[in-house]
Amino acid sequence: MAKEPVRVLVTGAAGQIGYALVPMVARGAMLGLNQPVILHMLDIPPATEALNGVKMELVDAAFPLLKGVVATTDVIEACTGVNIAVMVGGFPRKEGMERKDVMSKNVSIYKSQASALEKHAAPNCKVLVVANPANTNALILKEFAPSIPERNITCLTRLDHNRALGQISERLNVHVGDVKNVIIWGNHSSTQYPDVNHASVKTSSGDKPVRELVGNDEWLKGEFITTVQQRGAAIIKARKLSSALSAASSACDHIRDWVLGTPEGSWVSMGVYSDGSYNVPAGLIYSFPITCKNGEWSIVKGLSIDDFSRKKLDLTAQELSEEKSLAYSCLS
Ligand code: NAD
Ligand code: LMR
């Protein structure tokens with residue numbers, strides 16, 4: 001029997017990530033090659049024409065899995081009945097703007113979109129926040145959508161996770177698909193901690209620890225970490241635009257693994273509501289190692305954390321606590 005279509009909301013759909021993401025969703029890269037979808041695309045009135053252009057292209061591409069497209073600037077119409085919400089829309093930092101000004105604009109966007117999702121999305125809608133500051137936007141969304149279970153609100157750190165896999169694969173000259181179990185801890189910002197202490201590479205003689213194969217602690221504790229932390233800025237410098245295809249692809253990875261499950265023996269990184277695991281303050285949206293099964297995520301427990309890592313976990317938690325206070329000060 002044919003499957004019922006899943007309704008996927010993409011906000012900021014006329015922007016760069018939106019333009020890369022919607023064809024991936026329509027081709028089955030997010031929910032599988034046998035799952036029909038209906039795309040809901042939201043943007044703001046100045047982007048109406050561009051949004052309609054994206055809709056025209058989706059029609060022209062004749063995607064067999066795409067059963068419908070809603071393109072709108074009405075947040076209620078956009079949110080109605082959605083099963084998955086990928087929140088990409090937001091206010092970018094412009095020249096001369098202070099951090100607080102950007103935070104204030106985004107906090108008010110996420111506050112109002114939280115209410116629309118809470119009232120109009122399908123029950124059990126899964127939410128992924130991509131727009132920066134991703135962790136704190138997700139936290140605001142959670143606070144203002146109290147009836148959406150906190151387990152359903154996440155933010156994107158899978159791009160950072162994939163970047164870490166990519167750096168290890170290049171360094172060791174191994175296929176990226178053979179590297180697993182890196183971890184991104186904390187904020188999607190330059191304080192994030194990319195951790196390879198539990199990562200391994202599949203070899204012809206079994207899985208080998210990344211640390212042993214790299215054999216250079218100085219690189220792992222230095223250049224590897226800073227390259228991953230600053231990769232977003234490096235892309236902006238090179239493209240004069242922030243990452244889009246890799247962000248869109250990682251957003252598909254995040255939702256696909258959440259809905260369809262992570263492979264046995266491996267984990268991914270997701271920004272989720274902290275329950276206090278690893279002594280990360282409860283009540284922050286923080287990136288942890290995560291496994292998924294039957295549409296539910298769980299934090300991987302019991303990993304050893306050395307002193308070097310402890311300091312890095314605490315530093316990024318500290319930044320998130322400060323962002324949380326700043327966000328709340330914008331609300332008052
Ligand atoms: P973009 O400026 O090209 O697109 C953003 C779109 O959002 C625009 O079309 C804009 O009109 C729209 N928008 C603005 N306010 C909106 C609102 N209230 N409702 C709906 N739409 C709205 O930006 P982009 O390159 O697509 O990036 C989008 C966001 O994703 C940025 O905040 C960026 O920093 C962030 N980002 C996050 C990651 C990550 O890994 N978490 C990676 C890359 C980019
Ligand atoms: C990225 O990691 O590529 C982006 O979050 C960078 C940015 O500031 O948009």
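Glycine is treated like the rest: Cβ placed from N, Cα and C.
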Per TrEMBL, member of Asn132, Asn135, Asn137, Asn197 binding substrate alongside Arg93, Arg99, Arg163: Asn132
Least buried by Cβ count (within 10 Å) of the binding-site residues Gln16, Asn106, Asn132: Gln16
DSSP helix/strand/coil residue counts for the domain 'Lactate/malate dehydrogenase N-terminal' (6-153): 68 helix, 28 strand, 52 coil
Annotated recorded positions Ala14, Arg93, Arg99, Asn106, Arg163, His188, filtered by Cβ under 6 Å to ligand 1: Ala14, His188
Assigned conformation of Arg163 (substrate binding site) - DSSP reduced to three states: helix
